[in-house]
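Step one of this worksheet: look at the structure below.
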Amino acid sequence: MEQNRIYFFDTTLRDGEQTPGVALQTPEKVEIAKGLVRLGIDVIEAGFPAASSGDFEAVQTIAREVKGATICGLARANEKDVQKVAEALADAERSRLHVFIATSEIHMKYKLKMTREEVLAKVKSILEFAKGKFDEIEFSGEDASRTDLDFLCEVFGVAIAGGATILNVPDTVGYMMPREFVDKIRYIREHTPGIEKAIISVHCHDDLGLANANSLAAIEAGARQVECTVNGLGERAGNVGIEEVVMALKTRHDYFGDLQVHIDTKQFTKVSKLVSRLTGVVVPPNKAIIGSNAFAHESGIHQHGMLNNPETYEIMTPESVGAEKTNIVLGKHSGRHAFDDHLKSLGFHTFTEEKINDLFMKFKALADRKKQVYDDDIIALVVDNIHHKKAFELVAQYYKLGEKGYAYADVRLMTPDGERADAAVGDGPVDASLKAVERVVGLPISLKDYQIRAITAGKDALGEATLKVEYNGRLYHGRGISTDIVKSSVNAYINAVNSVFLAMELEQQEEE
Ligand code: KIV
Ligand code: ZN
């Protein structure tokens, strides 16, 4: 480990996947992991193998197919979990176990029902069990920021003696104030036995909007690994967004001094869009670095200043994060080679010839409907066609507007029981079409949130529908794209329904 380097540990595929409503399938996770490698991430936390067979399969596939970063799996401090991680990571180029146990009084008393002595003994025994099974071991004290500091140092000391070389301090509930976090990290550095053999990591949640401030404060106090997610996804208010930490370190290198960051910041916009499209979680326009307004200057005074000297209002350039203005890239006369080259320039390197041919046909159909095809259109097309299991697929749809805003719609879907069609009347064509789909699916699924937006410029832009549905108390995201917004909406709804079915299938497998 280089002392002046900040290592980035990405948990988009684990903590990020705990975002309510997000359920990624293995091919989608592999695509994200490859994007993370292009970004230059040091460690990818690919999942929690003991959580479900789906998680195990995803971690194993990433370990086999994704090279160029350490692949990590999460485990609770029990042998079954650790064994699952070892099996899932068997083929990784470099493997890391991330093992955790809660250390705060409130978690030990009410969740674990364990004493301090029992927790210490557990840490010792689980590290003995894990020894030799991985290239490296990271240990986390869950809720560390609310843990008695001397006890935390004692636990960390036991973990280091057992072979852990990365000690993670999660601010699990996003409770820290930056100054307070600095003091804690310094205390841990000064009072943990053997800490010179390890590096300190931080994992900050954003419940009070302080995840980036706390991560940067910890770096100032000597932490050398930061755990983060793309777009700040994660439990509740999310984890710190990698783009925020990195751009703060780069933009203010005058302040942070000689710290090395090996991240290709020009990839931020692409990776952000990939993750947003695949998860269905839309990035707010005003989000730092990756929001669509992050480099937009609205007021006349600002625009005037920018024209005279961009540095008047711009502390970093859009180019530095890959957010330059979208160019028209391809049209209906573009050939297969140009399309293939373009896919590669967007980072999609690993499609088979068959897949490229299939995507090319879809691109041609799109270019017939839309004169100018932009990068974003192509990313949307690819993401929409990353293979995943679909219980339902739209075969045909039809709608007709009636009087007073009512509409009639019918849909035909491919279902697990063959083709089925149904019809409904609703308040406008989207409402009627979604009701018709609901009738075919036959489950009490309720729509919770629905948004539609144009992906690129122009009257013929692709419309992206994103929505959330609730089933059995859980939220599921869905997204769909088309130049016809009713079709985008129907596809988004079917996409969410497919996630409901996938979750039901996984639950059933777990029970068997
Ligand atoms: O927030 C948290 O404490 C976690 C741990 C598993 C590191 O995600
Ligand atoms: Zn977390």
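Placed from the backbone N, Cα and C atoms, the Cβ positions cover glycine too.
All annotation found in TrEMBL is predicted automatically rather than curated by experts.
When secondary structure is read from DSSP and collapsed to three states, His203 (Mn(2+) binding site) falls in the strand class. Within 10 Å of the C-beta atom of His203 (Mn(2+) binding site) sit 30 other C-beta atoms, taking all shown protein chains into account. If you look up TrEMBL, you'll see Asp15, His203, His205, Asn239 marked as Mn(2+) binding site.
Taken from TrEMBL, the feature domain 'Pyruvate carboxyltransferase' covers 6-269.
As annotated by TrEMBL, region 'Regulatory domain' applies to 393-512.
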Original post:
Taking the center of the Cβ atoms of Asp15, His203, His205, Asn239 at the recorded Mn(2+) site, which other residues in this chain have a Cβ no more than 8 Å from that point?
Top reply: Thr11, Pro170, Asp171, Thr172, Cys204, Ala211, Glu227, Cys228, Thr229, Gly234, Glu235, Gly238, Val240
Original post:
Do any of the binding-site residues Asp15, His203, Asn239 touch ligand 1, in the sense that the CB is under 6 Å from one of its atoms?
Top reply: Asp15, His203
Original post:
Which of the three DSSP states, helix, strand or coil, fits Asp15 (Mn(2+) binding site)?
Top reply: coil
**OP:** Please work out which residue of Asp15, His205, Asn239 has the most C-beta neighbours within 10 angstroms of its C-beta, and give that one of the binding-site residues.
**Re:** Asn239
